[in-house]
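Presented below is the structure to which this report refers.
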């Protein structure tokens, strides 16, 4: 017995020291299998006859091959880790991430875009559209959160697609996601009417270390959240008649002109078409909300902070979006002359904000100017967040070998080459000089919304493959750093919903007398672009759909496992700290 124990100890000591189990809760000792590729996988010995199928035939342990080869060297493994993890620094603290999750993407899409939704569809349709789209976002961000806590890599969305689906999808998703976030920057700035000032501020902030970005977003996010909470309270006061006009509005505008408007057709069909049409604008309002997961690669203790942020997205959707749209729909009629005139005049700033119109209708003279200033700061915050997310997505795409190598250049934890490329595309903001801001807002927001839906669909496909890979390897969901609820049903819901809205969002172009370049190109141009990128890369590089036994779950995970041990769970010392830790 003693001789046998000594022999086991000698065998353990001779094992490669840099390979260790990645599932800390699994008591079964792993064996490292090299596939003859650039990745090392972990094989777990299965007890009893688990390796036999129902007919008693050996099926092999998932994720392994019969020809065991040598374990990769330290140099090869280091290069793989460097390529997947990059050299960006984890400087975003818990409070930065929590406020990014709560308010990072809240900008003109809510403050101004809600007015367009209200005028087109009516108050009830607006609430339903924001609720259903919010549920869809919740499904997406939970799927992303589960993958990002398993492998918290910088902007790793394209990396996940390459590993779990197809290299061509990783290439396409990386460039499409970058383009989506990059064009969101001019949307926010063009609506703010302070083009050069905001553009320069956003550019400068993103050339500084990521912690500066985190502090700026923390400050601006605090202003946004305080303002939204105040606006919701004010909308309630206006509804109850607490303004100088003492006009008790109640549900007056839900009775006349009614809760649901008609579009193109009359009756129930017309109301449904109006309801369907505003899904694309609701998607634009929510677009970019998942950027908190994109920041996982620069977040301290991502396996604690990312799940915490993801769980709070539900409350942000329910309170700040759905709650705000419901209350402002009580205070402003969908046929309000001020709202319709502002939209027809091409105003995409505070003048078209239903919140400002409600305040003006209530006879309050000072607040509109204050709200206008808040909309400007919100545009700065949202544009800044979109700029940050686009640079990290592009950096991850370059790290994965699907963008020019020069884009991997970084210093002080800032990918300066990606910042320069994103800044160049963001110059689209100056289109606002020669055209009405509402026209620019419509074109680019439509492009961004469709791109968002395509990206969300692709992410759900990626997650479904990730989910199946975990099951194939026998990884229990209880061992995951973050287990998203109702999976894989939530991923399937998003895949079906996002794909359907993306393909049918431009339905009105096919109605008699409505076909034009404006009604057809913005809703559909993204679909052939996505298809051309995917098929072009697949044909040129001759990529293949990744088989489940060849998927890579492990590269980059060991680095995350090691870092997880370095961060201690903060413990509140008194009641105030307990409250603060709950908030941030």
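Cβ coordinates come from backbone N, Cα and C, glycine included.
In TrEMBL, the transmembrane segment annotation falls on 519-537 of the listed ranges 386-404, 519-537, 538-556.
From the options 68-92, 143-167, 218-242, the stretch TrEMBL describes as transmembrane segment is 218-242. Sequence-distant residue pairs (6 or more apart) of the transmembrane segment (218-242) and the transmembrane segment (313-335) include at least 3 whose Cβ atoms are under 8 Å, placing the two stretches in contact. With respect to Cβ pairs under 8 Å, the transmembrane segment (355-382) is most closely packed against 99-118, considering the stretches 99-118, 185-206, 313-335, 412-431.
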